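Shown next, in structure tokens, is the structure this report addresses.
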Amino acid sequence: MGKCSGRCTLVAFCCLQLIAALERQIFDFLGYQWVPILANFLHIMAVILGIFGTVQYRSKYLILYAVWLVLWVGWNAFIICFYLEVGHLSQDRDFIMTFNTSLHRSWWMENGPGCLVTPILNSDLAIEDHHVITVTGCFLDYQYIEVVSSAMQIFLALFGFVYACYVSKVFMEEEDSFDFIGGFDSYGYQAPQKMSHLQLQPLYTSG
């Protein structure tokens, strides 16, 4: 019962992670955020690996999934620091999210709740293939939306990490006990015995 409960909880957290990652991937695609797109893709693959390992009792897959979650927490912590401009990070100077190939920002910058976008025509600040806009009236700035999204990813990853370690430990203990007591012998399995050879002898009868 406990093992099933742990497995079911881990699968539930993995499904929540998968939904959150797909939602984030969509908005990163809309905002041309190439680095987060790559990271989200790897995260989706790792979550699918975690689900497979949980369902198929593969402790090694769960360990790989747990290791990835550590990296995922670090990545989301960096995103929080980036959007809050902690230290020397600056959104106006560092275009890390797009591999420094474009000036695109988060999709939420222009499409956040309540945001009113006003284009500035014939601006001297505009560069090739870009336009200058002003964004006003937002109920919540895009930086904080990205921070909340990353914080939710960290929350799910921490719970997933704890349950992945627990379930993989249970799986490894069961594998060790299975090998210790003789494998299939514990399930009443008996190897087929060799049949003894019968020696035929002539039968003599008195007449």
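Just so you know, glycine gets a Cβ as well, placed from its N, Cα and C.
Long-range contacts of the transmembrane segment (34-55) within the same chain: residues 7, 10-11, 14-15, 17-18, 21-22, 24-25, 28, 61-62, 64-65, 68-69, 72, 75, 79, 96-99, 101, 160, 164, 167-168, each at least 6 residues beyond the stretch ends and with a Cβ under 8 Å from a Cβ of the stretch. Under the heading transmembrane segment, TrEMBL lists 34-55 (among others).
Per TrEMBL, transmembrane segment is recorded for 62-85 (among others).
The transmembrane segment feature in TrEMBL is assigned to 147-166 (among others).
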Positions on the same chain near the transmembrane segment (147-166), where near means CB under 8 A and six or more residues out: 6, 9-10, 13-14, 16-17, 20-21, 24, 50, 62-63, 65-66, 69-70, 72-73, 76-77, 79-80, 83-84
